Structures are given as structure tokens and as C-alpha cells.
Amino acid sequence: MAMKSYQINAELLLKEYLLADPLIPYTSITGGIFACKMVYDLTNLFSAFYFKSYSNLTKMQRIEWNNRAISTFHAVFITMMSLYFVFCSDLFSDQPHAGLVAFRRSALSTFTLGDMLRDGGDVSSLQWYSEIKIRFPSRTLGPDFPYCRPNCSDSDGYIDILLERLQNPLLYLRSLFDHGVSVGYFIADLGMIIWFYPSLGGMEYVIHHFLSLIAVAYSMLTGEGQLYTYMVLISETTTPGINLRWYFDTAGMKKSKAYLLNGVVIFFAWFVARILLFIYLFYHVFLHQYQVKQMHSFGQLLVLVVPVVLSVMNLMWFWKIFKGMKKTLAKRH
């Protein structure tokens, strides 16, 4: 009984906090940046204590060592959440009355709940609601809008959306945290890449992080195209393997079996997460192009341009991975 009471009070506190503070998205971004700093410092501390070779590295190598720990931490976190939302959650499933996939945000939306209630409780006076009326003129929202009952009126659909989000404050906070951490990570990592340029990566890394930052931030602030954002973020699956390979190389383990196995795993993981998955993304966009066309112009541009640019870069890197694996296997024989 005490536990149940505590849970109810905690959820009420989260509701009041989320509804009262429209700056939460920015707070979560700041938290993501500080989380990167914390991982960097902890990596530096533990590496110096547990890895004897760490002290023998150059200053730039130690910086990169710690920086790769940050990207590994983020990759594991965002990959798990992306796989859940894309393949396990019902949010983006093909339910007949679940609404347009391109606009489906539900608990994933970070600004909508605060924007809806910040200015008062009158539905008809809300700017967000007016924008939806403009986007879907001369018809009820009906089954084309998330959590709206079949043949419902505009206000009924709005109330259903509101109730869904009020009933899931913990899921709302989790999705807000997901987006905030990713935006914070890309800001922190991009800052380090530029500051130490080109030691931590060339121009291709700058372009990759800049496009990713813009796409994730736009998705977080508008709620548009979140399915495609999470599909692209699944490609972070390959990051831990890439970082591990660098650690092996730095530790002088290029001739080990672990190094060889790591290369094979990277090859297949890259092919699935950065080639096949992107093909599926383009196929999904093609099937739902009528929905994508209803997004804002900048959102359409991001959905069409960012995956294409990243795909070209992924193919270039994949070719290098293939040649490297081929060369390594040839030496083994």
C-alpha cells in the first residue's frame, strides 16, 4: 500500500513538473552534455587505474580514448531505446486508427504537452490546436490522428491525445530524456571534434554529427518524423564495435583473434544497420510519402536529405571496412 501511494505521488509530481516547466527539453539537453562530461572524467579516472598502458599514451590519444567512451555509452543507450520504439513499441505500428506515422508522437513528443497546457485549459484557444486545424482543413481528425477514436470530432481527438499523455508521465519523461541525451551528446561530441580538429575526425565526421544534431533536435521540438529519426539512430549499433577496434589497435592487439573477430562483426553489423535498414527506411518513406508531404517543408527536407547523405557516407565507409577485412583475412592465410 505504501509503495502504491509513493508511486501515485511520484507520478503526480512528474505531471505537475512536466506541465509547469516548458524548459524541460533544454534541461534534458544540458543534462545530456553533463552526462558526456561525467563519462569522460570517469573514463579518465578508471583507465588510469585499471589500464597500465593508458599512462603511456600521448595526450591526444588519451583524449580520444575518453571521447570514444562517451560515444560508446551513448550508442548503447540510444540503440536500445531506438530498437524498442521502432520494433517493440506499438507507437509506430500499422494500427488502423493509430494516426499518421509521420506525425505520431504520443509520449515521444517533448514540447507538445507543455505547449498545450502552458497557456490555459481552453482547447479552442491553443496555438498547437489551431496549427492542426490548418494542416487538416475541412475535416475531422478522425482516424488520421493519434489516439483519436473513429469518427470523433476535433476536440474529442484532442482530449484523447491529452489523456493518453497524462496517463503516461513516466513514458513521456523517458522519451524526453532519450531525445535530450542524444541532442546533448551530438553537441558535446561535435564540439570536441571541432575543437581538436582534425585529430578526432575529419570533415565527414563534422557533417555526420551536424546533420544528426539538426535532425534529432527538429524531431524533438516538433514531434515530426520521429519514426525515421529512430530508424537512423539504430545505426549507432555499430559504434561500440568501431570504438573497440580502435582500443585494440591502440593497445597493440592488431594480430589477436579478438581483433579479427571484431572486424567480421563490424562488417555484418554495418551491412544490417547502415545499409539494409536505410533501404527499408527509404521504402517506408516511399509508401508513406503522402504523410511526409504533410510535414513542414523543413521537416520534409530533413526526411529526404539527411538519410541520403548519411547513406552515401555509410557506403563509403562500408567499402573501406570491406577492403580492410579482405586485407586482414588475406594476411591470415
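Here the Cβ of each residue, glycine as well, is placed from N, Cα and C on the backbone.
As recorded in TrEMBL:
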DOMAIN    60-330  domain 'TLC'
TRANSMEM  69-87  transmembrane segment
TRANSMEM  179-198  transmembrane segment
TRANSMEM  205-221  transmembrane segment
TRANSMEM  227-248  transmembrane segment
TRANSMEM  260-286  transmembrane segment
TRANSMEM  298-319  transmembrane segment
*Take the transmembrane segment (69-87) and find every residue of the same chain, 6 or more past its ends, with a Cβ under 8 Å from one of its Cβ atoms.*
35-36, 39-40, 43, 108, 175, 178, 181-182, 185, 188-189, 226-227, 230-231, 233-234, 236-237, 239-240, 243
*the domain 'TLC' (60-330): mean pLDDT?*
76
*Who are the long-range neighbours of the transmembrane segment (298-319) in its own chain, taking Cβ under 8 Å and residues 6 or more past its ends?*
102, 204, 207-208, 211-212, 214-215, 218, 222, 224-225, 228, 232, 235, 270-271, 274-275, 278, 281-282, 285, 292
*Counting only residues 6+ away from its ends, which parts of the chain sit with a Cβ under 8 Å from the transmembrane segment (260-286)?*
227-228, 231-232, 234-235, 237-238, 241-242, 244-245, 248, 292, 303-304, 307, 310-311, 314-315, 317-318, 321-322, 324-325, 328-329, 332
